[in-house]
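Structure first, commentary second.
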Amino acid sequence: MTKYPEWIEEKDGSLWLTEYERENLKISYRLKEIIFSESSPFQHVMIVDTFDFGRALVLDGIVQTTALDGHIYNEMITHVPLCLHPNPKKVLIIGGGDCGAAREAAKYPHIERIDMVEIDELVVKACKAHLPEISGNLSDPRVHFIFDDGLRFVKDRRNEYDVVIVDSSDPIGPAEHLFERGFYEDLHRVLKDDGIMVCQSQSPIFHQNVLRNTASILKELFAFSKTYIATVPTYPGGLWSFTAGSKTYPLDRFPDRITPVETKYFNEEILKSCFSLPTFMKKFLPNG
Ligand code: SAM
């Protein structure tokens with residue numbers, strides 16, 4: 001009998017992946033096949049093919065990104081800060097092992113260097129080989145892969161990057177410290193004097209404490225901070241949040257014209273409207 005990872009179950013001849021969301025919520029995906037399954041020193045890495053979401057990256061049983069809607073998340077975490085900064089040249093991505101954020105950033109010809117600091121080389125290898133819908137088999141010479149802990153990488157650096165994108169997994173396991181105040185202080189120092197950062201700040205429906213805490217810290221540290229949203233069906237609750245901090249540029253002053261790049265979700269109207277928050281979010285957010 002085949003031994004599957006603990007999140008996979010065979011039932012009536014079908015394979016099911018079950019993501020345990022929270023105490024009273026689990027989400028199951030029916031799978032066509034498991035394409036890749038290996039453990040690294042950091043986590044268990046799987047690429048599966050699902051019936052409804054296409055191929056997906058799964059880390060420790062949690063779905064990270066899917067072929068169906070990974071572009072929504074990756075375009076929003078990348079193009080929003082890159083369009084609000086008037087002249088981004090050097091970009092740091094922390095996490096982002098599926099390569100989707102780096103792929104989006106590399107669409108801008110004026111960006112000179114993209115450093116991608118991912119703790120787990122196995123995620124990058126698996127996504128480049130088996131998730132081309134997201135990674136696009138990224139091989140742009142401006143993208144430099146650094147396999148290290150993002151927390152450690154930013155410790156002794158200062159004044160280096162125009163834009164920092166924190167594309168981390170959930171605040172458990174290796175990404176836990178990427179949601180803490182000390183890390184954001186380091187990011188503030190790593191940014192140039194007019195730098196902008198953005199992080200994924202979890203679900204406004206199910207993770208309000210994480211989002212509120214992130215928004216409070218960025219409000220204290222940065223001259224300008226704002227939360228924006230997008231709908232990503234793969235993530236529990238559907239609605240997802242990103243929180244940006246800017247040292248110099250107000251985040252609600254939009255450029256007259258954005259550099260046109262090919263996207264499936266992001267556009268100028270989305271840039272202008274994504275900072276408009278529903279009333280319930282304005283109520284619990286310090287920057288709402
Ligand atoms: N879009 C996804 C989401 O919101 O669920 C996350 C994308 S990406 C796959 C997250 C990446 O962050 C993973 O590849 C993971 O290995 C990486 N990661 C987690 N902790 C990290 C750390 N401390 N330093 C660098 N990368 C980290």
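Note that Cβ sites are derived from N, Cα and C of the backbone, with glycine treated the same way.
Annotation comment: TrEMBL describes ASP167 as active site, proton acceptor. Taken from TrEMBL, the feature S-methyl-5'-thioadenosine binding site covers GLN43, GLU118, ASP149, GLY150, PRO174. The spermidine binding site feature in TrEMBL is assigned to ASP98, ASP167, SER168, SER169, ASP170. According to TrEMBL, the domain 'PABS' annotation covers 14-247.
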Subject >> Rounded distance in angstrom between the Cα atoms of SER169 (spermidine binding site) and GLU118 (S-methyl-5'-thioadenosine binding site) >> reply: 11
Subject >> Neighbour count (Cβ, 10 Å) for SER168 (spermidine binding site) >> reply: 22
**OP:** For the binding-site residues GLN43, SER169, work out the Cβ neighbour count at 10 Å and name the residue with the minimum.
**Re:** GLN43
Original post:
CB neighbours of GLU118 (S-methyl-5'-thioadenosine binding site) within 10 A?
Top reply: 24
**OP:** Would you mind listing, in sequence order, the residues at least six apart from the residue listed as 'active site, proton acceptor' in the same chain with a Cβ closer than 8 Å to its Cβ?
**Re:** ASN74, ILE77, ILE93, ILE94, GLY95, GLY96, GLY100, ALA101, GLN200
Original post:
If you draw a 10 Å sphere around the Cβ of ASP170 (spermidine binding site), how many other Cβ atoms fall inside it, taking every protein chain shown into account?
Top reply: 19
